[in-house]
Amino acid sequence: MTADSTVSTQGADYAATASTAYQNILQVIETVEPRIAAATRKELADQRESLKLIASENYASPAVLLTMGTWFSDKYAEGTVGHRFYAACQNVDTVEALAAEHARELFGAPYAYAQPHSGIDANLVAYWAILATRVETPGLAELGAKHVNDLSEADWEKLRAKLGNQRLMGMSLDTGGHLTHGFRPNISGKMFHQRSYGTDPVTGLIDYDALAAAAREFKPLVLVAGYSAYPRRVNFAKMREIADEVGATLMVDMAHFAGLVAGKVFTGDEDPVPHAHVTTTTTHKSLRGPRGGLVLATEEYAPAVDKGCPMVLGGPLSHVMAAKAVALAEARRPEFRSYAQAVADNAKSLADGFLSRGGNLVTGGTDNHLVLLDVTSFGLTGRQAESALLDAGIVTNRNAVPADANGAWYTSGIRFGTPALTTRGFGADDFDRVAELVVEVLSNTTADGSSKAKYTVADGVADRVRAASGELLDANPLYPGLVL
Ligand code: DSN
């Protein structure tokens with residue numbers, strides 16, 4: 001099945017128009033800095049020639065990409081729709097309101113905030129909105145004040161101490177959680193006392209009973225669900241039950257799987273939006289939009305989320321919000337549902353392809369868009385496997401596996417995702433072939449005992465695999481018809 005790659009489904013006219021647009025844009029850039037024009041051409045050529053399996057990447061449509069290259073970039077618009085700290089924001093208001101409208105309609109959310117510049121920013125907005133709603137507002141009332149500026153120095157210090165003394169619980173990093181879910185190297189770990197929940201050591205799956213018991217003991221203000229490397233679906237209805245029982249706000253970070261939510265692959269208990277108080281996402285992963293973030297919220301949290309800028313965000317990137325609106329409009333089309341289903345079907349095919357060739361998968365498979373292969377059975381670290389695959393033109397990223405003996409830098413796993421190649425039109429058989437090529441590289445790679453980074457790929461393997469991937473890539477061209 002050819003999934004919606006947006007360019008191909010729009011037909012030859014669309015591709016020809018996009019070609020002309022890009023040729024003109026590159027010509028203009030060339031007049032100032034030809035090396036940037038050259039790098040831009042080369043990036044497309046490189047992306048066209050590699051098997052992109054990074055689970056968090058995709059290919060946005062020319063409509064989305066071109067929308068980012070306009071004079072909306074020049075406009076300051078701190079504040080929110082209809083309430084800006086700058087004059088002449090009428091067109092930015094139109095753009096931001098449209099992006100939010102599409103997001104609300106697509107995800108069935110009461111409120112959407114389109115300003116975050118990234119997933120990290122979206123999570124920061126969410127954390128501060130939760131702290132504002134649950135701690136600051138009641139704290140002000142207790143102190144008999146309406147605004148933080150009305151507080152005495154002593155009372156402000158009391159409130160600051162309270163804001164800095166809250167608890168957050170999220171998935172552990174080695175089982176698939178994200179750095180922004182309360183880990184010390186990230187600001188979230190400095191803001192909150194954090195405790196992690198993991199997965200069952202035998203099945204690799206979230207153990208909701210163990211999670212509930214830990215939450216009862218820890219009593220977090222914020223319970224975070226969501227992941228960047230867990231290859232399974234999450235029951236968000238159960239997560240909400242647990243949050244309600246312990247008095248926590250449920251925040252879901254759906255950055256990785258927003259496309260599967262938008263495309264109705266995840267519905268009912270697996271759709272986070274009706275269950276979470278606040279849902280955050282990036283817009284560029286499985287959702288296939290521009291690089292950026294988005295926050296969805298209930299009416300209760302909406303007013304605090306709306307203050308994201310200037311609370312934690314710099315001035316909104318209006319050109320990117322415009323591109324978010326275009327991408328969200330694309331995701332509301334029926335073709336996007338076929339695309340999202342193909343992403344999940346292809347991940348299953350990739351996982352089955354590894355399993356049938358002796359691969360060892362975390363959780364034994366997948367039911368979302370990603371697959372986590374434990375490469376220690378090939379005698380390799382994740383770092384060695386990632387580099388060997390790259391030598392053969394296969395772009396992936398190394399990732400920790402649960403209780404990883406090689407730590408977070410070298411790791412023992414490789415994370416694979418299907419959103420990008422599915423956009424190119426890869427189907428289930430193609431992904432089985434991809435599994436075959438990956439296994440061919442890894443089983444012909446030998447670790448160098450002197451270093452967790454060094455390795456040797458047997459002679460001729462990288463070239464042979466590059467040639468075989470070339471056939472798959474040629475059959476599923478990236479931006480077909482786009483000629484620079
Ligand atoms: N960069 C994202 C990912 O690869 O999952 C997370 O930050």
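Here the Cβ of each residue, glycine as well, is placed from N, Cα and C on the backbone.
A quick note: this is a predicted structure, and the numbers were derived from the prediction, not measured.
Counting only same-chain residues at least 6 apart in sequence, those with a Cβ under 8 Å from the Cβ of HIS178 ((6S)-5,6,7,8-tetrahydrofolate binding site) are GLY119, GLY170, MET171, GLY226, TYR227, SER228, ASP253, ALA255. Residues annotated as (6S)-5,6,7,8-tetrahydrofolate binding site in TrEMBL: LEU173, GLY177, HIS178, LEU179, GLU299.
DSSP gives HIS284 (site 'Plays an important role in substrate specificity') a coil state; it is part of no helix or strand. Within 10 Å of the C-beta of HIS284 (site 'Plays an important role in substrate specificity') we count 26 further C-beta atoms, all protein chains included. According to TrEMBL, the site 'Plays an important role in substrate specificity' annotation covers HIS284.
LYS285 (N6-(pyridoxal phosphate)lysine) is surrounded by 26 other CB atoms, counting those within 10 A of its CB over all protein chains shown. According to TrEMBL, the feature N6-(pyridoxal phosphate)lysine maps to LYS285.
Here the C-alpha separation of HIS284 (site 'Plays an important role in substrate specificity') and LEU173 ((6S)-5,6,7,8-tetrahydrofolate binding site) works out to 22 Å. Listed in sequence order, the recorded positions among LEU173, HIS284, LYS285 whose CB lies under 6 angstroms from an atom of ligand 1 come out as none at all. By neighbour count, meaning other C-beta atoms within 10 Å, the densest spot among the binding-site residues LEU173, LEU179 is LEU173. In sequence order, PRO110, TYR111 are the residues of the chain that are 6 or more apart from GLU299 ((6S)-5,6,7,8-tetrahydrofolate binding site) and have a CB within less than 8 Å of its CB. Of the recorded residues, LEU173 ((6S)-5,6,7,8-tetrahydrofolate binding site) and LYS285 (N6-(pyridoxal phosphate)lysine) place their C-alpha atoms 19 Å from one another. Counted within 10 Å of its Cβ, the other Cβ atoms near GLY177 ((6S)-5,6,7,8-tetrahydrofolate binding site) come to 24, all protein chains included. When the alpha carbons of LEU179 ((6S)-5,6,7,8-tetrahydrofolate binding site) and LYS285 (N6-(pyridoxal phosphate)lysine) are compared, the span between them is 17 angstrom.
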